[in-house]
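Worksheet for the structure shown next.
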Amino acid sequence: MSRFIDRVVLHVSAGKGGNGCASVHREKFKPLGGPDGANGGRGGDVILVVDENIHTLLDFHFHPNAKATNGKQGAGSNREGANGEDLILKVPDGTVVLDTDGNVLADLVGVGSRYDAAQGGRGGLGNAALASKARKAPGFALLGEDGVERDLVLELKSVADVGLLGFPSAGKSSLVSVLSAAKPKIADYPFTTLVPNLGVVSSGDTTFTVADVPGLIPGASEGRGLGLDFLRHIERCAVLAHVIDCATLDPGRDPISDIDALEAELAAYTPALSGDSGLGDLDKRPRVVILNKTDVPEAAELAEMVTPEIEARGWPVFTISAVSREGLRPLTFALAKMVRDYREAHPKPEPKRQVIRPVKVKDSSFTIEKDPDIPGGFVVRGTRPERWIRQTAFDNDEAVGYLADRLARLGVEDALVKKGAQPGASVTIGDVSFEWEPMTPAGIDLTRTGRGTDPRLDQVERIGADERKHARRVRRGLLDEDA
C-alpha cells in the first residue's frame, strides 16, 4: 500500500530564456547583407494540473525539485531558438497551493484545473531585432531572462461530500466499509486510521463520496495530536456527520459531551480556505449525528435517551450499528438528500486555469536612493532598469553602450544628475555596480568602429579613486612621484 502524503514543499524553477544571436548575413555578391541574428526561445513553464488518477502528493515528497527546460539560443539566418518545453506536474483533486507565508495562491478542484506555478524567462532579442538607424548592424544581442524560481507549499484537502467526524475508535472506518466498497484498515485500538479513507456511496440516482477523517481529540484545533492535519480534510465537506460511540467505557465521556467537544474543536479551527471553498464557515455546514454501536444493549438504551436532546439542536439523529448494519438504509437516504440539496444550491464550477501574471513590461517607473554602503554612490531600483541589466552582456562594449542609451531615454541619467551624482560615482542597478559616466546619446552620426565596440566608452580616461589618492600624497610630499 502506497504512503499517503498530504503536505509537501515543492521548489519550482521555470526555464531560462535563450540568448539572442548576433550574426551578419553572408552571401556571395552581397557584401552588406545586414544583421540576421534571431531571438532566443522562451523558457518552459511549470504547470500544476489536476489528474483523476493521482490521489496523493507522494511523488513530490521524494522529488521536491521541479525544473522546466531552458529555451534554445537563436541562430543566424533568422532562425529563432526553440521554446523550452513546459513541465506538467500532475496533482490530486483538492490540492491547495500556498506560498511560504501561508497565503493561498490557488485552489485546484476539478479534473483539468491548472495553475501556472512558474513562468519561463523571455528569450533575448537577436541583433536583427535591435537594428536601427544608429546601429544598422549591431554587434551584440540581448541575453535571455531567468525563469521564475520559488518555493510552494502543496496541501491536499480531501474532496468529499460527507465528512465523518468523531473520537478515535468511534467506528468511522467501519461505517465507510459498510456504506461503500472501500476497505480501510479497521482494528480495536485508537488512531488505527492515520489518513483519510474515501468511499463512494450510491443511493438511488445519487452517488456521493464519504471521507473517514482520522479521530479527533480535545485540543486538535491547536495542533494537539495530529489535529491540524486531520481537520484540514473537512474543509471541503458539504455535510459534517458526527459519529458517536455509544458503547464507550471511558470515564467522563457520553454522547452529549463528545458532540460538544467535537463542536468546540470545529469552532476553534480556522480553515485556510474559509473564503475560497464556496461552502461557508464550518459552523454553518449541515450537521447529522450518527449514534453508533447500538448492537450493544446498554448503548442502544443510551442512544434512545440522548436522542431528544440532540434533536432539540435541530440536527437529524440516526441510530445505527456498523457491525450488524442496522439503520444504514435510512442514513444513506438522508445523506444522499442532503448532498443532493447542496449540489443544487452550489453548481459545480468549470475547471479554471489560474495564471501568475508578470509585472507589466511597460512599467517605466524607477527610484534612486543614496547607497548607504558607498559614499557618493546611488542605488537605482525599477522593473525596466533591472530587467535591462540582466539582459546585457557586459563583456561587449556595444551592448553596454546600448544599455546606457536605454537608461538615458528612460530618464535615469537626468535623475542621477538631479540627485547630485558626480561623474565616476558608483551606481548599483540590480546585482551590478559600475562607475557612472554621462554619455552622448548614440545618433545616426555615431563613429563607425568594429562590431561589439562603442567609441563613447573609449573617450573616458578618468583616473580611479586609488590614483587620485596617490596624486594627493605626492603633492603633499608624502611619496615620491615615481613610487
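The count begins at 1 with the first shown residue.
Using the three backbone atoms N, Cα and C, a Cβ is placed for every residue, glycine included.
Residues or ranges marked as domain 'Obg' by Swiss-Prot: 2-159. Annotated domain 'OBG-type G' per Swiss-Prot: 160-340, in sequence order. The GTP binding site annotation in Swiss-Prot covers 166-173, 191-195, 212-215, 292-295, 321-323 and rests on sequence analysis. Annotation comment: Swiss-Prot describes Ser173, Thr193 as Mg(2+) binding site, evidence class sequence analysis. Sequence annotations record features per position, and here Swiss-Prot assigns domain 'OCT' to 358-438.
Feature annotations (Swiss-Prot) mapped to structure.
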residue	record	DSSP (3 states)
Gly166	GTP binding site	coil
Lys172	GTP binding site	helix
Lys293	GTP binding site	coil
Ser321	GTP binding site	strand
Pairwise CA distance, Ser321 (GTP binding site) versus Ser173 (Mg(2+) binding site), rounded so that it is a whole Å: 13
Euclidean distance between Cα atoms of Ser173 (Mg(2+) binding site) and Gly166 (GTP binding site), Å: 11
Neighbour count (Cβ, 10 Å) for Ser321 (GTP binding site): 23
Distance from Ser173 (Mg(2+) binding site) back to Lys293 (GTP binding site), taken between C-alpha atoms, in Å: 13
All-chain count of other Cβ atoms within 10 Å of Ser169 (GTP binding site): 21
DSSP-derived helix, strand and coil totals, residue by residue, for the domain 'OCT' (358-438): 30 helix, 18 strand, 33 coil
Residue among binding-site residues Lys172, Lys293 with least C-beta crowding, 10 angstrom cut-off: Lys293
Mean of pLDDT values spanning the domain 'Obg' (2-159): 91
Neighbour count (Cβ, 10 Å) for Gly166 (GTP binding site): 24
